[in-house]
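Chemist: Could you have a look at this structure, given as structure tokens, before my questions?
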Amino acid sequence: MRAVVLALTVALVASQQINLVPEFSLDKTYVYNYEALLLGGLPQEGLARAGIKVSSKVHLSAVTENTFLMKLMDPLLHEYAGIWPKDPFVPATKLTSALAAQLQIPIKFEYANGVVGKVFAPAGVSPTVLNLHRGILNILQLNLKKTQNIYELQEAGAQGVCRTHYVISEDTKANHIIVTKSKDLSHCQERIMKDIGLAYTEKCAECTERVKSLIETASYNYIMKPAAAGVLIAEATVEEVHQFSPFNEIHGAAQMEAKQTLAFVEIEKTPVVPIKADYLARGSLQYEFATELLQTPIQLTKISDAPAQIIEVLQHLVTNNVAMVHDDAPLKFVQLVQLLRAATLENIEAIWAQFKDKPVYRRWLLDALPAVGTPVIVKFIKEKFLAGELTIPEFIQALVVALQMVTADLDTIQLTASLAMHEKIATIPALREVVMLGYGSMIAKHCVAVPTCPAELLRPIHELAAEAISKNDIPEITLALKVLGNAGHPASLKPIMKLLPGLRTAATSLPLRVQVDAILALRNIAKKEPKLVQPVALQLVLDRALHPEVRMVACIVLFEAKPSVALVSSLAGALKTETNMHVASFAYSHIKSLTRITAPDMAAVAGAANVAIKLMSRKLDRLSFRFSRALQLDFYHTPLMIGAAGSAYMINDAATILPRAVVAKARAYLAGAAADVLEIGVRTEGIQEALLQSPAADESVDRITKVKRTLRALANWKDLPTNQPLASAYIKLLGQEVAYLNIDKTIIEEAIPIATGPKPRELLKRALKALQEGIAFQYARPLLAAEVRRILPTAIGVPMELSLYTAAVATASLNVKATITPPLPEQIETMTLEQLKKTDVQLQAEARPSVALQTFAVMGVNTALIQAAVMARGKIRTIAPGKVAARADILKGNYKVEALPVELPEHIAAVSFETLAVVRNIEDPTAERIVPLVPELAVQNAQTPADYLSSEIPDETPVRATAPFHKTLCLAVPYIEIKGCIEVHSHNAAFIRNAPLFYIIGQHSARAAVSRAEGPAVERLELEVQVGPKAAERLLKQINLIDEETPEGKAFLLKLREILETEDKNVPVSSESSSSSRIISSSSSSMSSSRMTETATIMEPFRKFHKDRYMAPHGASKAKSSGSAASSFEALRKQAKFLGNGIPPVFAVIARAVRVDHKLLGYQLAAYFDKPTARVQLVISSIAENDNLKICADGALLSKHKVTARLAWGPECQQYAVTAKAEAGVLGEFPAARLELEWERLPLIVTTYAKKLSKHIPMAALQAGFRLERATNSEKEIELTAALPTQRSLNVIARIPEMTLSRMAIPLPVTVPINPDGTLTIHIDEDILSWIQKHIKEE
């Protein structure tokens, strides 16, 4: 009985529970008001925004129990580009009319238990319109549970399968059920999006852990009323936000805000009737990408006749970019690419046939076609090359770019594979390598878009590798490995491991370069599956039976695979007993450099390196640079989310002279993404192996003998083996190897006849003949430098896009004509050196290079029908015209270059940056509206942080934007009468918030102009060089130097001394010297007494070299040494202060401005050389009248161990002077060199900055490992002494005012070939010298 009562109770409760499934009865039509809004911009009011609005009535009617019809009634589209919120939406009447028929076609959809199933629509409904319907259906998507009020699940929607949180509550008073649904669009099991141009970038998850560049969330709120069989959706509101900033979002971010409202109106009896057409299955609720994939967001072009429009734009580009680049050439080039994307293969072939024989049009087409990025273009390039219509350089250029730009789908991959295997390609090895590398890159791109890409795509490469291994075809094995490395597919790990040394016995017989390539092929696999690569790389590093280079390359791969602390510690422990110092040095330097890494994605590795470095011997830190090294440097700024990193690896070998390999790589970080921008590697293994087989490899001989034998081996290059490359190099862009080169004996044999044969002479003959006839050349080169896009569906069914475009066009016009007297003979190769000396060559050239670059960053709506976005637009335009005349009279030794006046544009350079809100639609292009994001008179309501804490609502205080900054700076260059002006204008939104983003948005511009200043016009600028005995005749002003011993000299010096003393009295005394002394005192006191004692013991006197230097007295003073040097130099100067009084100048240089008033302006330089005294003198003087400013440089080689020079400047070279002395000698028992700088007087600006710099010397010296002690050194002298205790170490002592710095036993990267007696250990081998002389004579 109790069981019966319990069952009845449960049944009664269950009957009272509300069915939460939305109800749409079969015999009723439910009418709703629908409004959707999508706005982009900054969230602050008073700034411009852009967006669209859709409003309509929605009729829902059931066809069967689970099938429904939906029809939009009276749809209306609005556009918005204005200041939010004061400006109104504007109806897009023409666009609404054009789409009205489509919008009002009913669509059919499946709907059961609140879940939307398949969607059906006639073929006449475009994907764009159907996506608007999906935006409404997305509101109806409800996964409601009866047993839970709060729960979370992955829910399918228009934007993918994303994490969704439900909260269900009941309002008993109003008899309502309230459902709140929130979606985190950043955490989706399957996210609907399209990335273009990002295939080679890596997602830096660690970079976005604390700060994010893109945040996406959506909130759905429902009010439901109980109905007979379920619930009625009375009202639904949706708010969705996409927030993006290239910097940390706390510094401000742009956002796309979507709002939807669906409000119940009434129930009608009239059912929705489908149109008479087949309703086709059109997918599910998920968004369907349409023509927006091919539509650039920076302009909206209505394509009615693609071929005709392509020809029109092409003609515009050709016509308007001849003499100089057109302002809008980059935008027109992007438009050309856009039109080509809409063209069919037949259209493109027809255009090519029309213009292929017109060189200018042909170049523009070949530059534009690869940027199109569609499979049609790859097919077109392939067909035209196979048909012989493209040259090899044209084909390589077009194909390389096209393969990087094209969408990597299965058809394109197969097309590339068929091209790589074509017999015509196979006959040209270099071309085949380019195509094969591109094939690997295509697979890599495809696997980024489709993570489940099948391993079958790599089967042709795996078969190629297997066949090459069986035939021992080394070039084919190398090529296969590089292709697999580009593809980076984990399925390639097994074939690659067959070629790894130590893991397979077969690999040990392969050349070393193949083993290295096999290890490097693991790098891209390590980015996807690091756990698979780490143990393999570690095993190779620790295998001491392998070649050291193999182990060091494996070390590179290991750390790129981001090993754990345990793996790094295992490596560090093993290195404690490492016997190969190159491997130990490489691994230690690599680990040590990783300890300083700040990039977030390497933070775990940096932590592991910090642990491992403590386990390793510090002795490895003192190894010199002749051992292998690894270096990594980086910079990462978390608030701005930007960074850069650089890596350099130098792999040496104990038995070699040259490094075996050098690799350099650059990496960049931006907005949560990372990319290996550029990598260059060079290997010299073939040269090394050839040298090892020569007598130079004999370890019993000294290093100098090795060098001589090595040079002899290189001279006999014809004896080197043919079957291996002597050196190789490769280049990677964005982590993909795009080209590599092997230099072998065959290439050298082919290159020598080309360089020394008749062809260069024929080219020279043609060039000289063309110069005599005159050359007129125009060239234009466009470039789509960047196209990076991310397309995301929004809740309303309209796509939003984040994109970055950069396009540039460079043009140059050049006119050159030469006059050669006497004319060159017909057979130029018969021309002798004597004939050439008697030739007078006059050359006139005029060039006008110009560049226009435009960059666009866009966030907003981008469809083929309407665009509404906020945009940042940057422009750069430069024009640099020049006209030059040159003359070379070889017989007379006269050479002259003249810069002639040229017509200048209004601005030679213009840079602008502006942020805009833009809206435009395809049906009414003239109604495009562009509004600055920051209006000139913006008003912003601002509150201080204190206002938010106050209990009272503060009065709104309008904050008016600051006035735009505008300034013009002009500078006139004296004498040549040229004026340069820079005009700067800036207006930003920093008045709203002090953050980087708000400083950037607004309008900024800078323009530079060059014009003639007031005064006499300048006819030309001249630079003339006269060599030989006629140099004195070319001087425009006689050079005289005042002799201090004459009455005139004494009077001049007295007057100058009075002027200088007056200047000294006016200079305030600074207290910097006393503070500097305090710093030195405190720094010195911090050092231990042992260091002070050791420093004192090394201060032995510097002595000159003598024939019997070991018998020289130990205490020879420095004063005696330097004094004799100074006295001998001063004696020479007293004998002849000015060499020009006794000997003519060796050469003269005159630089001057020739004006219409014939006034002399400029400078002249005269050089004198007195051979008996080995003395050189240079005198620079002004040629202007009454200007006695001169610069005098005087130097003499006093002995083979000593040189002295003096630099003086000022009136008659008497105001300032510096003397430099350099000599070789011994310090203690070690060969040494000393440099002294002494000054009599220096300019005030030099002494001021020197005093400021001296305050930082003590700390910098201590950090660099120098010992420092206070000393009473000369206040007007700096002395630097370097001694060599061994050929691999250096002692340094520096004496500067008030302190002495020293450091002992500094390791040197190379051996210095200096013996203890100062003689050099390098002797030029007579055989090699005679070979060089003989080779020169033969040439």
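A Cβ is built for glycine as well, from the same backbone N, Cα and C atoms used for every other residue.
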Chemist: Can you tell which of Cys162, Cys447, Cys453 is bonded to Cys188 by a disulfide, based on TrEMBL?
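Modeler: Recorded disulfide partner of Cys188 in TrEMBL: Cys162.
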Chemist: Taking the Cα atoms as reference points, how far is Cys207 (disulfide bond) from Cys162 (disulfide bond) in Å?
Modeler: 22
Chemist: To the nearest Å, how far is the Cα of Cys188 (disulfide bond) from the Cα of Cys204 (disulfide bond)?
Modeler: 17
Chemist: Within the chain of Cys204 (disulfide bond), which residues six or more apart in sequence place their C-beta under 8 angstroms from its C-beta?
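Modeler: When sequence neighbours closer than 6 are ignored, Cys204 (disulfide bond) has Pro600, Asp601, Tyr669, Gly672, Ala673, Ala674 within Cβ distance under 8 Å.
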Chemist: Looking only at Cys162, Cys188, Cys207, the disulfide-bonded residues on record, which one has the least crowded Cβ, with the fewest other Cβ atoms within 10 Å?
Modeler: Cys188
Chemist: Mind looking up the mean pLDDT for the domain 'Vitellogenin' (24-662) in the predicted model?
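Modeler: The answer is 88, the mean pLDDT of the model over that range.
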